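Novice: Below you'll find the structure I mean.
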Amino acid sequence: MSSEPLLRVENLKTQFFTDTGTVRAVDGISFEVYEGEIVGLVGESGAGKSVASMSLLRLVENPGEIVGGEVTYKGETIFGLEEGPDGELRKRDDMLSNEEMRDRIRGNEIAVIFQDPMESLNPVFTVGGQLREFIELNRDLSREKAREEAVDMLREVGIPDPEERYEEYPHQFSGGMRQRVLIAMALACEPNLIIADEPTTALDVTVEGQIIDLVDDLQEKYGTSFIWVTHDLGVVAEICDRVNVMYLGEIVEQAPIDELFYDTKHPYTDALLDSIPRPDRTVGELDPIEGVMPEAISPPSGCRFHPRCPDAREVCRRVHPENRVVDTTESAEPHRAACVKHDAFDVGYDESPPLEKEPQVTSEPDADTEAGVTGPGPGPGPGTGTGTGTGPGSSGGGGEGSE
Amino acid sequence: MGLLRYTTYRFAQAIPVLIGISILTFVLANLTPGDPVRLMLQGVEADQEMIEQIEAQYGLDRPLYERYLDYMAGLVQGDMGHSFHRNRSVSELIASRIGPTLLLVLSAYAFALATSIPLGIIAAKRRNEPFDHVSRIVALIGVSTPSFWIGIMLILIFAVQLGWLPSAGLVYPWWSPETYGHDGYVEHFVETIRHLLLPMIALGTLQMATLMRVERTQMIESLQGEYVKLARAYGVPERTILRKHAFQVAQLPIITIVGLNLSTALGGAVLTEFVFNINGLGRLFYDAIVQLDYQVIMGITMIIATMFVIGVIITDIAYAYIDPRVTYGEAE
C-alpha cells in the first residue's frame, strides 16, 4: 500500500434541500481508498451510501448539493471549499471544472457500476453500441478499435458469442448478463477506481456469486480499486479489504475486514452482524435491529444510533461522537468507531445511567423473520427448511456464516 | 416476421376495416333525411314522373343493399361513381381537390413537428423554469382552442389588421408560375409559402400543442432514466445525452400520436379550408353533405379512411423499426 491514497474523502457533506426541510444525506464522512484495494461502504437503505458515491463524481441530482468537505483524487481536487474574502464559503480555484470532471474524471478515471442492470442500459441501442460509445469517449480510440475492444471486453466478462451479442439489444439479455455488460463498461474504460453501487442487489443468489467471483478475478488482473457499496455484510466479507459502516449519513465504524468481523467496535455493526441469517442459527435466533432508521431530515440528538442501541446510556443522548481511533494495537491500520463507550472518548459513559427504553416505531418483526427464512443461501444449514418445525438447538456448526 | 410480410399482413388486415367503414358510411348517408333528387331540382317545376325518371337514371329506386353491392363492384374496379350535382366522375373530382388538402395537412404536420419537438425538449430540460411555464400555458391554450377560431383570429390580425399575409386561397406549387402571373420560381415559392402560412398554423396548432405536451412529459421521464445517469457517469456531454440517449427513447409515443392524430388533422382540414376559402377535399366534402351527393360522400370517406389506415400502418412499422423491443408481430 502506497502512502498516498488514490482517493481521499474528508468531512464530505451532501444535503438535499426539500420543501419539508434539509435532508443531511451525507453528513461529514471521511475515508480513503488506496490503489488496488476494495473498500466497502455498508449500511441500511437510506444511510446515504449511494448519495456519497455519486458525490464523489459530483453527480448529485437536484435538489441535492455537496455543501462541504473535500474530495481529492490523485492529488486533484474534485471538490473543495475555501473561505472567500467576504467570509462566505466558495469553491476553490483548484477544483476541477465541470468540463474537466466530464472529460477527464468520469469514466476515464472513476467508473460506476449501477445497481439496476435492467434499467441502466438504454433500451433502444445495441449493447455493443453503448459499450463502444463509452470506450470511444473515454479512451480516445477510433470507432473500429473501440468496437474490437468492446467485443474483447464482453468476452472477458464471460458473455458467450460476444461477436453476435454485440449487435443485440438489452432486452435480449438476462439480468446477470446485463450486469456483466455494466461491469465490462466499467473495466473497458480502464479507470483506476470503480464505484460499484449495490451491483448484485437486483440479482438472485447464484448469479450474485458468479458476479462477485468475476469482479474478484478481474480486480486481481487489472489492479483496479473498488468502492463497493452494499447493505450486505456477507458480500463485504467475501471481497472487501477495508470497510466503512454508514448510519444516517455518518461513518460509524471503519476497519480492516477481519477486525470489523472479529473485533467489532460499534454496536450498530454488531447489530448488523447479528441480523444476518446464517446456516448455523435458526430463524428464531436471528436478532434483527430494533426499530427503523430515522429520517435524515431530523436525526436524533447525540449519537444518531442511540434510540436503537442496546448499549445506549444517558450520555449517548447528549454527546455526538465523531469517528475516532479506538484501537491501534492489532495492526498498523487504525480501527475507528464513533461510539462513546470506548476509552478514547472520555465523556463519562461508564458512570452514565442506562437509557430507559423509549417507545418507538418498530418495523414489523414478522416481515423481518420471513425475509430471514428466504435469505440463506443453498448451504446445508439445518433448521432453515420450510414446512418442518425449526426446533431450537437443532443447529449444528454450519461452518462460516457466509451466504 | 420480416418487414415485407408484416406490411402485407397489416394491409390485408385493413381490408375488413375499410369494408366496415364503407357499409357504415353508405347506410348513414342514405338514411340522412332529405331527398337528393328534390334538392337537385330545386327551383324547377317537376312532376312525379320526372322525379321517378331521375331516380331510375341514378339507380335510386333500387333497394339499398343492391346499390351498395353495385357501388362496391365499381369501387374494386377503380370506379368511384358519379356526382349527381357536378356531373363529373367522383375520382376526377377527388383528384382535382386532394392536392390542396394534402398540402395543408402535411405542412401543418411539418409545422407541428418542427416546433413541438424542440419546444418540448427545452421545456423538459428547463422544467419548472419560466420557459416551461409559458410553453405549458401556450400548449394548454393550443389544445383547447378550435382550429377555425384560431384561423379567424389569424386572418383578423395578420390579413385584415396588419395586411401582411393573404387571407384566402392557396397557391399550388405544382402549377406553373405563369398561371398566377408570378415572375419566376422564386416569387412562386414565396407566394406559396405566404398563402400557406396562416392555414398551416391554424390547423397545426392543435397538433403542435398535443405533441409538445407529450414530448415534454416523455423527455422528463427519459432524462430521469437510469441510462441517462449511466451516460453522465461515463462523461457523455449533456447535449449528446439530450440529443441521443434521452431523445430516442422519448420519441416512441410521439410516433403513435402522429399516426392517430391524422384523423383529427383531416377533420380539422375541412373547417380550415372553409375559413380560408381553400378548394380542397374538405370543401368538396361539405358541399356533398349539404347536397346529399351520395357518391361523393362515399368517395371522400373511403379516401380519408384509406389515408388514415395507411398512416396508422406506417406508424406501426416506424415504431417497430425504432424500438427494438417491438417485433414485427412475432413472439421471440
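Any Cβ shown, glycine's included, is placed from N, Cα and C.
No curator has checked TrEMBL annotations; they are predicted automatically.
Bear in mind that the values here come from a model prediction, so they are computed numbers and not experimental data.
Feature table excerpt (TrEMBL):
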- B:98-319: domain 'ABC transmembrane type-1' (DOMAIN)
- B:12-31: transmembrane segment (TRANSMEM)
- B:102-125: transmembrane segment (TRANSMEM)
- B:137-164: transmembrane segment (TRANSMEM)
- B:252-276: transmembrane segment (TRANSMEM)
- B:296-322: transmembrane segment (TRANSMEM)
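Mind mapping these onto the model and telling me what they sit next to?
Specialist: Residues 100-101, 104-105, 108-109, 113, 117, 146-148, 151-152, 155, 167-170, 198-199, 202-203, 206-207, 210-211, 214-215, 218, 282-283, 285-286, 304, 307-308, 311-312, 314-316, 318-319, 322-323 of the same chain sit 6 or more residues outside the transmembrane segment (B:252-276) yet have a Cβ under 8 Å from a Cβ within it.
Long-range neighbours of the transmembrane segment (B:296-322) within the same chain, counting only residues 6 or more positions beyond its ends whose Cβ lies under 8 Å from a Cβ of the stretch, are 3, 6-7, 10-11, 14, 17-18, 21-22, 25-26, 29, 71, 75, 80-81, 83, 86, 90-91, 93-94, 98, 248, 251-252, 255-256, 258-260, 262-263, 266, 281, 284-285, 288-289, 328.
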Novice: Give residue numbers and ranges for long-range contacts of the transmembrane segment (B:137-164): same chain, 6 or more residues beyond its ends, CB-CB under 8 A.
Specialist: 198-199, 201-203, 205-206, 208-210, 212-213, 216, 268, 271-272, 274-276
